[in-house]
Structures are given as structure tokens and as C-alpha cells.
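**Student:** The structure's right below; bear with me while I get my questions together.
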Amino acid sequence: MMYFGTSLVFFSFHVTLISSLDIFRKPLDDLEKKYGSFPEELRLQLREEAREMFYFGYNNYMKHAFPMDELNPIMCTGRGPDYANPSNININDILGDYSLTLVDSLDTLAVLGNASEFQRAVERVIDNVSFDKDNVVQVFEVNIRVLGALLSAHMLMTDPAQPLGQLKPPWYKDELLHLARDLANRLLPAFTESGTGIPYPRVNLRHGRGSVTSAAARSVETCTAGAGSLVVEFGLLSRLLKDPIYENHARKASRTLWNLRSKTTGLLGNVINAESGQWIGRLSGLGAGLDSFYEYLLKAYIMFGEEDDYKMFSEAYASIKQYMRRGRPHCNKGEGDHPLYVNVDMQSGDVHTSWIDSLQAAFSGIQVLHGDVEEAICSHALYYFIWKYYGVLPERWNWQQLSADVAFYPLRPELIESTYLLYQATRSPFYLHVGKDILNSLNSLTRTTCGFATVHSVLDRSLEDRMESFFLSETCKYLFLLFDTENFVNKNHGNYIFSTEGHLLPLLPKFRDKQIKHLGSPRISVSANVSAPSCEAVDAERTFFLPLKSKYLDQISRQLGVIISNYS
């Protein structure tokens, strides 16, 4: 259940399980037998396998790639910015010559309980990382991967209780916080040079917007998620420094976008012109271009307690349910197709594409945080069986043709993230089975000489020589936490929240201090009819067996061509 207090938000994801079986209940069916229990020794084995996966990637990065940004896991070399081709934004948006993978992995070391390596990694970051670089980077990616990582590590180190071990070295003098401030100051021109308050998508870390020369990098078109998902990291920095400038800019951006939503449907598009405020892309969905915008409305409320954030999320969620949801009205009762959230036109609400993308798999976790556990169960199940069919998730999947539209898989964490959160919510063994399938697939299909590689095509399972930083910061972290049930983070889940990059962020009373003023932020427009926080729990008897009833589990698995039982 969820309790919304006046000063703190307490989240309790656990759904009480029945203490004993009903002797009059029908015998277990095939699916309940398969998914209804999970051996303790297997859980412990998989915990250690998840730990080993992280260290295999991390140690090889440190051996073959550091201080470069990423590891090429097939050739065992490092990767940095593509200086020869400034228009290669696929690389240059993310890689800025700041030891990205090491920075992004700091709090994973803490979660794994490796305080000594965490301290060594912090020292390497302080000694090697500088943001005074003549490199053009994407504001959103640098915010979530680098700024968020620095803030997470700093806050974990400066927690007086040190619950994850002795993380703080005796010589630490807030160096990571100073690095975070320096980085944020270098990102600010994206906001201050924009007349709309919507940040430009890219800046030069040394020169702001002035020296951004390539046509691709100078584009003023930005996605809603990229422009509107900075409130958590910028807000934390403002509250740690007691300087509202960062949070003000981030809030102005998200609220400007909110006020530009469709007056008919309440939906936002996926691409907007940062200079004119005109929508370029009218696709409205839950995946790429929009995903973390909704996520950060809810997480900003959890972190800072600003009522407007929750009101915006609540109204957005109602519009999402009204216009994007297809299938039977209820997840676990009634007849009809399995529920599906489709991409629609922001103005009309009509279906816009016949595909959904892999980033949408994270929305189940957002539904868990919102308390809509039943819906999370159904939205997660669809992506699980897409994974089962291919072995990994294709970037885009066509729900009309039941086929992959875009076939690559870059080791994304979204499905395992939602799996972890649903296990925290239900304690159903089903989600441990899901995690086992994901872990085994990653080891069998993506493991290479020196790490884990991007799947070039889910159709032939060919590989690309790239291991993005989020594999260590998110995918491995969520896998480990799923199986490490006694981890301090799991035992104290109400004290933390994860950023959209999977960075562990403490929920502290000082971050809900109303003395931080949000100057210059436009007023938001929210309808008066805002739903109350929901907590539609799973009934106890069904939770003990399967989160999704057997007939519905069998329905979606057969529809996708994954036969998992003889259930009838």
C-alpha cells in the first residue's frame, strides 16, 4: 500500500501472502506448478551469477578501456567520442571523454557491498575525470548517466549511518559534489540560451551552444523525455547546494512542456522545437521520447513532495489510460485481448503506429510506484513473453504482425527493472523465474570475450561490439537486487528511490524543504478532477500462486508463440 503523508511519502510494496493453503482450493494447474515456487538454493546461485556478471564487465572495462568511456567487449578495447565525425550523435551524445562507465557504475559497487572497490573507484574518478572538454554532448544523457551517478555516490558516502558499508574514505571532502556542480554549470547554457525554457538538446561542455557546429548536433528538435526529465537530478543538486538555479530551470522546462500538451486529449507529443515550442512529433506513447517524462513527474513528487508533480502525473496517467490502453478492461477478469498500451496521435488519440518499443517495458515499474499493481502485472507480462520469444527484447515490436520492426537490443535494463519492482510489490516467485530467464539469456546470447555485447539483430542473434554503461549501472544492479532478497536496499526500500538510470537516491526529509523557491517557473494547468493515489492490490490467494491468472498467462504466451504449459 502507499501512504501519502504531509511531509514524507512511505511506500510499502508488499502484498500480504496467505499463511496457509485453502484445503478446499482446486489442485494446482501446470502454470502454478511451474511458476508458483522457487528453490532457495537456486535464488542464491543466481544472486552470485548476477554478481559475477557485473564484475566480468566491470573488471574488463577497467583492464581494457578505462579511462575511456565504454568497453568494446569483443575486441577488448576502449571507446570514446567520435572526433572524426562530429555528426555521429549515436556516439557523441553519450561519450564525452569522462570515464563514463566507471562513473555510471559507482553506486552498483555500493549495492553489491564492495566498499573497498567503491572507494578506489571514487578516487579514480576524482583523479581522472574532468568536464573541461571541447565535446558536444546530449544534456539528457549526461544528466542521467553522469550527474545522477555523482550525486548518488556522494549521498551514499555522506550518509552518517553508512548502511551499505564504510563507503566514505577519510580523505573525502565533497569532491564528487563539486564535480556535479561543475558539470551542471556546463549544461546550463542549454536552458539559459533558450527563449522558451525548453532546453536545447546538446551543448559543448566547454563553450556552451556557441561552438556546436555540425548540423546534427545543432538541431533544435528535442524529445519530451530529454527536455523534461531533469528535475530529480537538478533538484537534488539544488537542495544539496541550497542554490535553486538548477531546479528552477529543470522545473520550468517540464512545466512548459506540460502546458503545451493537447487541450483535447491531455497528451504530449514526442518531439518539440526548443526555440518555437511547436510540436514536431505528434506521437504520444510510453516509450522512447516520452517515457522518463512521466516517470520523473512521479519520482519528483516522491523525492521532493511537491503536490503539483503528483497532480500532473495523476492527470497524465488518466489520459494514458483513456487513450492508449487497449484490450480487456481488467487485467485479471473478464474476456478479451491482453491489455496493451499503444502509440497514439497526441491531438486525436487515434492509433499512430502499429509498434511499441522496448523502453516502454519500464512503465510497469512506474505503475508499481503509483500503486496500480494489477495494471503493472499485465503490462509486464506482454514484454516478458516478447523476451521469451526472441531471447532478448527487440527495440521495436509490431503488435499487429507480432514481429520485430527494429531488431537490435543494446542490453537495456527496462524489463528487469520492472521485474524487480513487481517482485518487491508481490513477492510472487513468478518474477524470480522471469529474472532467471533474463539472466540466462544475457549470459548465453550476449557474453563475449571481455564483457557483454549489444545484440545487432534478435532474428539471427548477431552482435555489435559495444557495452553501454547502463548495463553495469542498471541491468546488472536490478538482476542482483532481485535475487539478493536480504540486501539492505530491499529491506529498507521505503528509504530509497532509483533514478531513471538506476542510481540509488536516498529519500531524506531535507529534500522536502519548502524553503527552496522555484522562481520563474510558469504556472501549471491541471484539471480539478485529479484521482486520489491508487492502491489496487492483488488478492492474497492469487498472489500466492500467480500474479496473472493461469488462463490469461496462457493466453498471452500462446498468442506470441511461446508455449509454456499444457494448460487448458
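Glycine residues also receive a Cβ, built from the backbone N, Cα and C atoms like all the rest.
All annotation found in TrEMBL is predicted automatically rather than curated by experts.
Just lifted these from TrEMBL, have a look:
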{"type": "ACT_SITE", "residues": "Glu141", "note": "active site, proton donor"}
{"type": "ACT_SITE", "residues": "Asp291", "note": "active site"}
{"type": "ACT_SITE", "residues": "Glu395", "note": "active site, proton donor"}
{"type": "ACT_SITE", "residues": "Glu414", "note": "active site"}
{"type": "BINDING", "residues": "Thr500", "note": "Ca(2+) binding site"}
{"type": "SIGNAL", "residues": "1-20", "note": "signal peptide"}
**Student:** Roughly how many angstrom lie between the C-alpha atoms of Asp291 (active site) and Glu141 (active site, proton donor)?
**Tutor:** 14
**Student:** Rank the active-site residues Asp291, Glu395 by the number of other Cβ atoms within 10 Å of each Cβ and report the first-ranked residue.
**Tutor:** Asp291
**Student:** Around Glu141 (active site, proton donor), how many other CB atoms lie within 10 A of its CB?
**Tutor:** 20
**Student:** Fill in the CA-CA distance, Thr500 (Ca(2+) binding site) to Glu141 (active site, proton donor), as an integer in Å.
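**Tutor:** Glu141 (active site, proton donor) has its Cα 11 Å from the Cα of Thr500 (Ca(2+) binding site).
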**Student:** Can you grab the distance from Glu395 (active site, proton donor) over to Glu414 (active site)? Cα atoms, rounded to a whole Å.
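**Tutor:** Here the two Cα atoms are 11 Å apart.
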**Student:** Only counting partners 6 or more residues apart, tell me which same-chain residues put their Cβ under 8 Å from the Cβ of Glu414 (active site).
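**Tutor:** Listed in sequence order: Ser358, Leu359, Gln360, Ala361, Ala362, Gly365, Tyr383, Leu393.
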